[in-house]
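Reviewing the structure listed below.
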Amino acid sequence: MTDLSDVSRTAAAKPPAVPGRGPANKVRFVTAASLFDGHDASINIMRRILQSQGCEVIHLGHNRSVQEVVTAALQEDVQGIAISSYQGGHVEYFKYMIDLLREHGGEHIQVFGGGGGVIVPDEIRELQAYGVARIYSPEDGQRMGLAGMITDMAQRCDIDLTRYAPTTLDTVVAGDRRALAQLITALENGKADPELVSALHAQAKAAAVPVLGITGTGGAGKSSLTDELIRRFRLDQDDALSIAVISIDPSRRKSGGALLGDRIRMNAINHPNIFMRSLATREAGSEISQALPDVIAACKAARFDLVIVETSGIGQGDAAIVPHVDLSLYVMTPEFGAASQLEKIDMLDFADFVAINKFDRKGAQDAWRDVAKQVQRNREQWHSRAEDMPVYGTQASRFNDDGVTMLYQGLVGALGARGMSLKPGTLPNLEGRISTGQNVIVPPARSRYLAELADTVRAYHRRVVAQSKLARERQQLRAAHDMLQGAGHESAALETLASERDVSLGAVERKLLAMWPQMQQAYSGDEYVVKIRDKEIRTGLISTTLSGTKIRKVVLPRFEDEGEILKWLMRENVPGSFPYTAGVFAFKREGEDPTRMFAGEGDAFRTNRRFKLVSEGMEAKRLSTAFDSVTLYGEDPHERPDIYGKVGNSGVSIATLEDMKVLYDGFDLTNPSTSVSMTINGPAPTILAMFMNTAIDQQIDRFRADNGRDPTADEEAKIRAWVLQNVRGTVQADILKEDQGQNTCIFSTEFSLKVMGDIQEYFVHHQVRNFYSVSISGYHIAEAGANPISQLAFTLANGFTYVEAYLARGMHIDDFAPNLSFFFSNGMDPEYSVLGRVARRIWAVTMRDKYGANDRSQKLKYHIQTSGRSLHAQEIDFNDIRTTLQALIAIYDNCNSLHTNAYDEAITTPTAESVRRALAIQLIINREWGVAKCENPNQGSFLIEELTDLVEEAVLQEFERIAERGGVLGAMETGYQRGKIQEESLYYEQLKHDGTLPIIGVNTFRNPNGDPTPQTLELARSSEDEKQSQLHRLTEFHGAHQADAEAMLARLRQAVIDNRNVFAVLMDAVRVCSLGQITHALFEVGGQYRRNM
């Protein structure tokens, strides 16, 4: 446990502040998750608490390199850096950060970190000895609480940075950006020498540097647009310009804290020529900081070629930026209400340029026309056409948007007229004012698809109620008729009433009731017999206990009321029958447990050995592959410390096709009993192409071995086709979930969704029927903090979004729906007991009744992984108990495959011993646990049935909330899903911390002797030899294919530009290009992911 008496290591630290009082100085923090780490839920909570305690926070989000964090910290001149690191490589990461800070004049900046149980006590001591101010452990969290840890950080950083500011302008004028940052701090704090400020303005006046002001309403996309303009300045001028960006965000009146959130959106500023500084408005009561004139002067004195000022969001009557800039750009969206509202917008009087951003929204064309006419009226330029006004329609979220380029070229002309030195640009000149691109992932006419699906499910249940009532009444009337007739009384009227109900019963419902006696007979014997053509397939239905009791594989209800029978058949039914509530297959596959054999550590050789170990003795090889974080983010291994430390940690390092061949060596990837699951998303298309080529090359090698020669071109084509039709497995590749919760997006969302569609089209064209093109995942949404209902609702909503997107591309529902699979988390909450039941029923009903899909498409197949969030670093031996309970409910709910987490995953990559224990949990349930011999044990439980209905209705209501926001993509744009996940995560953490939610061994039933386990655990880390081997193999691969790689990358880029099938080209590209080479080539034409707050 960390020693709390270990106070700040810097001489500048102040005595602890009075508890409950904000910092005496303006404390600024940079917060981020470490490189190749998408776990940003905790750091988001931390930065919110920092803000509430009066700190100004520059939040960088997930996946940030040491260089990015240090550059931000130096330019923003902060007192502290807070980093969460859950993905391994933390020792190298934090040490590299301390080294860079010391090298670049930031030695007084204090570094704080945390990573749950991933950073073990010995490593905490090592890092703190090296210079990290504090690494917070899980024990610290329990003892201090979230707010206590943040207070500790703020107190340690409560120092006045003015002491470090330059006393002359010499270093600033000479181009020292660190000195500029420190001068800005003094100016912002109002503590700069007045004579120095006067000299500063004199220097600025002589510099004649143009200033571009960008302002607009909150949420208009100013930061994204600013970043896209900077990207075009860099491209067009070949990085010859030096640009300063001053970004202003509002301070919170109550706490004085501020979220300085523009930097997180910037992808184009990572260059030595770009300087960015975030300012809080503080006490200004305006959209600009009181220090802005001085800060602009400082940037001019520093001899930048251009200064860009971006203000915080403004109202209709605000135009405070205008006096401070030479050129102003007003950014708005099409949703401004009636055209008369435009007359109230002050900036339309003053702005030199207007951008209507988010131009893909409904009514954008009309908005552009109305704004252009208003600008024309304001300027009284009746001699010009309204469409010639400097009003542009832009889509900053769309990579390489031509509307943004048109705006950029208009700005360049105006800046040149104001004296800015520019060379002829390299970007082609574009004519026009508005973006011609339209994002049609889901057509606008289908934006309410989720609400329609909710209506479909509810309509189905209304029909169930009505039809079961008719069936009950028909049976009752017939019985009454028979009794009256038997007693010699008149019964014709009853016969008429019964006939009316018979006619009102639907054909499907009559068929279900007619087949009920046959179903009872089929399941009543010792075997279930199905005839397919002339062949009988027999399945044993009886297991006999040691006591001689016969346990049936499927147990039917004993209802005699036809209304209840029909209701059960329509809402439940036996496994394998619509609506598949109890399962999509009639029986589990004999001899194949749903066990996934999980591995991923070190290099491909070590993980291959682990696969062979965990699958030993198993007839079915169900290999589940975890990749290291370098691979997850599409990069190659590298010796740079923040990359090097993560190579082969928390997963296997795969950079080339040769690595992939080693990984699955010895496993026949086309064998029906072999399937491979690959947990990867951002670079999934490239990894999938490597896997498919590995499977193909296995069979070509087999042909050579069997025939003693190479196959002919025709034979090779047949082998390729056969392999694609027979290979079994799953790739996760779920980009929507990544954007909402997991954060391994690397490309722009639009481009990633386009390539997902390319993969599915390729699968359809090549008849890839046994491999899932996507695993639509709720697991990582749950791991990010979502409760079970949100997990299920968001996951199903994402699945239906893919359905709508693929239908919009012209694919038929039955050609692609069978390639979709799902992946859920289990946990300790009661709702987890029915996740599969609810998911299967909603999917089946909507697929049949809304989309007209066939039986195969109606079957939702899903994988379950026990909850990683429920694994705790304290009393880790208790984790297996939680995992066992979660595995039990997954098996009871008929999941199609199951992965049980190892008990030590809260701290390290699973060891051989812990993986064996995790596998044993499943084996014991499947082979020893008596009730598991029955394959529908949940059916008939009053609690399970009620939970199913409650959870289903909660999911449908969430569908409607998402539909109100324009569907999944519209909700993502406003951060709806991410915000809800974070709220639910914080709620869980609060209940865990205050003990309201009891967690055994964590906040109650604590070991009185402490918890020594983390000290003695074997930590799974990649070895130095494995890392060096990966670097060496990568160098060899690059050398062997040097002659072909660049031409192939050019072909790949051109495929994107021409809007051709990218995956088809990737199938060739992976043979000569590494993962990192492909990723960076696609960045150039597909765009990088833009992080959200």
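Each residue, glycine too, has its Cβ placed from N, Cα and C.
It should be emphasised that the depicted structure is a prediction, and the values quoted were computed from it without experimental measurement.
Straight from Swiss-Prot, the features:
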BINDING   H39  adenosylcob(III)alamin binding site
BINDING   G219, A220, G221, K222, S223, S224, R265, N357, K358, F359, D360, E973, N1092  GTP binding site
BINDING   S223, D262, E310  Mg(2+) 1 binding site
BINDING   I248, D249, D262, E310, T311  Mg(2+) 2 binding site
BINDING   F587, R622, R728, Y772, S821, R856, K861  substrate binding site
DOMAIN    26-156  domain 'B12-binding'
REGION    1-20  region 'Disordered'
REGION    169-417  region 'GTPase chaperone MeaI'
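When the domain 'B12-binding' (26-156) is classified with DSSP, helix, strand and coil residues number 66 helix, 29 strand, 36 coil. Reduced to three states, the DSSP call for R856 (substrate binding site) is helix.
Listed binding-site residues: G219, G221. The one with the lowest count of other Cβ atoms within 10 Å of its Cβ is G219.
The binding-site residues examined here are H39, K358, R622, R856, K861; by Cβ neighbour count within 10 Å, the least packed of them is R856. If you draw a 10 Å sphere around the CB of I248 (Mg(2+) 2 binding site), it holds 26 other CB atoms from the protein chains shown.
Counting other Cβ atoms within 10 Å of each Cβ, the lowest count among the binding-site residues S223, T311, S821, N1092 belongs to N1092.
Geometry remark: E310 (Mg(2+) 1 binding site) versus H39 (adenosylcob(III)alamin binding site), CA distance 29 Å. Annotation for the binding-site residues F587, Y772: lowest Cβ count within 10 Å of the residue's own Cβ, F587. The subset of binding-site residues (S223, D249, D360, R622, R728, K861) lying with their Cα within 10 Å of the Cα of D262 (Mg(2+) 1 binding site) consists of S223, D249, given in sequence order.
The two recorded residues G219 (GTP binding site) and T311 (Mg(2+) 2 binding site) have their Cα atoms spaced 12 Å from each other.
The Cβ neighbour count for R728 (substrate binding site), using a 10 Å radius over every protein chain in view, is 20. Summary: among the binding-site residues (D249, D262, E310, D360), the fewest other C-beta atoms within 10 A of the C-beta are counted at D360.
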